[in-house]
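Features as listed in TrEMBL:
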- 5-153: domain 'Phosphomannose isomerase type I catalytic' (DOMAIN)
- GLN109, HIS111, GLU136, HIS271: Zn(2+) binding site (BINDING)
- ARG290: active site (ACT_SITE)
- 332-372: domain 'Phosphomannose isomerase type I C-terminal' (DOMAIN)
Amino acid sequence: FPPAVFPLSCAVQSYSWGKVGLESEVAKLLASSDPLVQIQPDQPYAELWMGAHPRGDAVIRDNRIPQKTLGQWIADNPACLGAKVKDTFQGRLPFLFKVLSVNTALSIQAHPNKELAAKLHAQFPEHYPDANHKPEMAIALTPFEGLCGFRPVEEIVSFLQTVPELRALAGGGGGGSGSDDPRGVSAALRVCFTRLMKSEKKFFVDQLNMLVKRISQEVAEGKDTSGSNGDLLLRLHSQYPGDIGCFTIYFLNLVRLEPGEAMFLGANEPHAYLHGDCVECMACSDNTVRAGLTPKFIDVLTLCEMLNYTPAPSSSKIFPATQSQLDPSVYLYDPPVPDFAIMRIEIPPSIKLYLVSAVDSASILLVIQGTAVGTSTAAASEMTLRRGSVLFISANESISLHLSSPDGMLLLRPCCLL
């Protein structure tokens with residue numbers, strides 16, 4: 001039998017928003033997994049792609065395997081996915097796993113559901129390259145900040161009252177904040193947000209400059225600018241001067257995640273990552289509808305049409321992990337989509353032999369901390385695992401870890417639990 005468990009060497013994307021050199025978690029993981037890697041101190045290391053995406057297919061690190069990449073190997077050995085996964089997802093790995101190291105904000109964006117994705121792909125294939133949905137989950141590796149979902153109405157109304165420049169662009173908040181009919185609230189929010197996002201460029205740039213000037217003066221005078229979300233406004237404006245996205249901070253929740261905390265981004269949920277390091281798992285798609293904080297193609301009309309305008313507090317955006325009944329070292333993040341789930345495996349220092357158990361799905365194993373030697377009946381030889389190591393594990397295969405680190409191990413393992 002060919003080996004069904006093997007190490008991977010993964011693709012790095014150096015997008016301009018990434019953290020630079022060894023400030024980046026991506027770079028740190030690379031450097032510790034492979035001592036021969038030269039980290040360039042002035043290059044951004046934004047994303048590490050662990051999967052079989054054609055634009056970043058992982059390379060197999062096992063010279064007994066004739067296929068060069070994971071994508072080729074899965075195509076030749078589709079049974080490795082697990083029977084259900086193979087049938088449900090047409091012989092393809094249903095998820096892409098990444099590490100992201102974010103230095104400056106990513107665009108204000110949302111991902112379409114399957115129905116809208118099919119329509120956008122048919123109409124504008126150059127901007128929407130496939131017909132799939134793209135739900136995502138982010139788990140923080142370091143303190144992580146992002147914008148996610150619409151704020152409670154009271155908060156938005158308060159900003160509309162406190163920030164005259166916002167009021168000039170978005171209007172007075174159409175219907176105020178009566179907590180009457182939630183559909184009415186969502187409709188008013190849609191009107192307000194769409195008016196902001198579609199405002200004339202020259203007009204919103206003038207308003208933004210006025211606002212930034214006013215907040216900067218208040219900061220210089222030692223005043224508290226939290227009522228105008230001053231700190232975040234100045235930070236985003238310094239990264240994307242004159243960008244309409246700067247105003248979205250008054251509509252969207254600021255979500256802060258501590259390491260191990262997660263957020264799930266379902267279809268039509270507006271979001272933008274701001275700063276920090278995380279792992280991210282997503283369905284296999286490149287469909288992103290953008291509307292600000294970006295030099296890329298923006299599609300304001302589609303975005304404003306598709307968004308979920310349900311207001312909710314930022315605390316509701318944190319997605320809980322549940323501890324496994326069978327193995328107390330395993331915490332499962334199981335989002336409401338079939339494409340993926342993520343296991344966080346925390347092996348305490350007291351355990352020196354640990355079994356990474358078999359699941360009926362192909363999975364990827366990323367070592368965040370700790371060292372071990374891994375053995376498997378499905379592997380060609382024993383494998384050294386250290387921080388940054390990545391393994392592919394075929395369905396129904398297990399690995400025994402012989403731990404050598406004094407402080408246990410932390411592993412992340414995306415899979416598909418149908």
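Every residue gets a Cβ built from N, Cα and C, even glycine.
Taken together, the residues in the domain 'Phosphomannose isomerase type I catalytic' (5-153) have a mean pLDDT of 97 on the 0 to 100 scale. Spatially close to ARG290 (active site) yet at least six residues away along the chain are SER107, ILE108, GLN109, LYS296, PHE297, ILE298, ASP299, LEU303, judged by Cβ distances under 8 angstroms.
If you draw a 10 Å sphere around the CB of GLN109 (Zn(2+) binding site), it holds 25 other CB atoms from the protein chains shown.
Using the Cβ center of GLN109, HIS111, GLU136, HIS271 for Zn(2+), the list of other same-chain residues with Cβ within 8 Å runs, in sequence order, ALA110, LYS134, LEU265, GLU269, PRO270, THR288. A simple way to gauge crowding: the CB of GLU136 (Zn(2+) binding site) has 23 other CB atoms within 10 angstroms, across all the protein chains here. Taking Cβ-Cβ distances under 8 Å and a sequence gap of 6 or more within the same chain, the neighbours of HIS111 (Zn(2+) binding site) are HIS133, LYS134, PRO135, GLU136, LEU265, ALA267, ASN268, GLU269, SER285, ASN287, THR288, VAL289. HIS271 (Zn(2+) binding site) counts 23 other C-beta atoms within 10 Å of its own C-beta, drawing on all protein chains shown.
Counting residues of the domain 'Phosphomannose isomerase type I catalytic' (5-153) by DSSP class, helix then strand then coil, yields 40 helix, 41 strand, 68 coil.
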